[in-house]
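Below is one structure, written out as structure tokens; comments come after it.
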Amino acid sequence: MQLHACAASCYEFQQKLLLKLQQKLVFFMGYVVNRLNCLYRFLVFRVNPFWIHVCYFTLLSVACFLFLKAMGWRDPTYSTPNAFDLFFMAVSSATIASNSTVEMEVFSDTQLLVITIFMLLGGEVFTSMIDLQLAKTRYYDSLDRHHSTESGEIELGPMSTDVDGELMVAKSAGDQIQYLRYNCVRYLTMAVLAYFLAVQLVGILSILAYVTVVPSARRVLEKKGLDRQVFSVFTAVSAFANCGFVPTNENMVVFRRNSGLLLTIIPLVLLGNTLFPPCLRLLIWVLRRTSPRAEFDYMLQKPEEIGYYHLLRPLHCLYLVPTVAGFLVVQFTLFTVMEWDSEGLRGMTPFQKLVGALFQSANTRHGGQWVVDLSKLAPAVLFLSVVMMYLPPYTSFSPIVEDERGSTELGMVQRLLLSQLSYLFICTVLICITENEKISEDPVNFNVFNIIVEVVSAYANVGFSTGYSCKRQLKPNRYCKDAWYGFVGRWSKKEDNNLPGATDCNKYNTFSREDNNLLASADDGPKVAI
């Protein structure tokens, strides 16, 4: 009897202890969530969005480096690269620059998946969704404060929502416009997310189907010990994010005769960058036809009121498509004329050459993948590539005359253009000064034009490189060994310190340009720029 009472007492004590621990855990979790919410609101409302992006890409780069450092390599006997080269690779992955200092085939499947995740997180489309989410939070808070002020309330409480999660419609017409714009941002976020997932999923399945069905492509992967699923996911994400990395050392050179694979990747490159705005407008138009909501009409008719950088005006989109096509035709024509009988296209059928030329042209502006050795291209082709890499993704030959506001923006763009050219000039000069000894001893490899190609490629987040060849040395070095990574991999570490700056400069300049309007109008008026 006493034993039974003791057991019951112990059980009761256990239950009370568990209940107390549960209450403390719930309290602790609530405290953590509250602190995280405070941190989130501090970042959204008190920190300049430019610095948010700087911190975001810095954290991505550091995290990618730590993951790659901690994981094993494909070959256990492989000599681990030094920390700076690996960190440079991490920065290139997170900022989708694809300037490589380590051969791709040394990475294990796990490391390749890590790089894939960080390419995904650093891509233009994904980061724009983060901007949308931040803008939505600021807009919601602005509406909340406006609602509380009109109600004569002192404390700010959360606004009530209906069953569908939409804001309650206000009585005044001004509030209705504000709520309409808030919902536009919300629906736009979902539309971009759907586009982001659908395009990459179709790309992954298409590439996987090709390398599974076509024996020649399958043999290449088997020979290199690459998993088909990992290759498909990595290549599709890299193409859509315009990173330019491919799990093979030779990039797409080993697949230059696989025209079907190249034709599968070309749309991913275009849909993830230059053709994203027209496709986004097309998606919104389809949504308006299937679901006639006021938000879709508003986004199509007044995209400037939404302020989303990638949601362009109708005429801008109209001229953007032929501009992209025109640039492709110019590059394609020059490439086929100058390189038809070149060493890089030797042994290929006329159809394979045409597809290879189209693939190379489509990747020149921002894609970064290649099917020929860039160092062996004709100078005219290489110079045109540098010009195309420098051009912003949404450049268009539009005869539209802007209003007074547009003229002001044009002046800002011109000033920004000059600052970007100045930055590229300074970066190139610094590299030439610090690399002066190698330029004197090895002028064929270390010439100024090759350095300009590398700097502009890093700045534009393309990743093109002329590489380095021991055969081009005027004074042969018997210890020299050719390697499948970029020209930057041969530079001294002090020059490498300059290139990550060029790699990030275009990213930060882009966000700085967007952040002039991004999230800034929520506190002042009904418009929120994103």
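These residue numbers are counts, starting from 1, taken along the chain as shown.
Using the three backbone atoms N, Cα and C, a Cβ is placed for every residue, glycine included.
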Write down the single range among 24-44, 318-338 that appears in TrEMBL as transmembrane segment.
-> 318-338
When only pairs 6 or more apart in sequence are counted, do the transmembrane segment (230-248) and the transmembrane segment (374-392) reach 3 or more Cβ pairs under 8 Å?
-> no
Quick one: do the transmembrane segment (260-287) and the transmembrane segment (374-392) have at least 3 Cβ pairs under 8 Å, skipping pairs fewer than 6 apart in sequence?
-> no
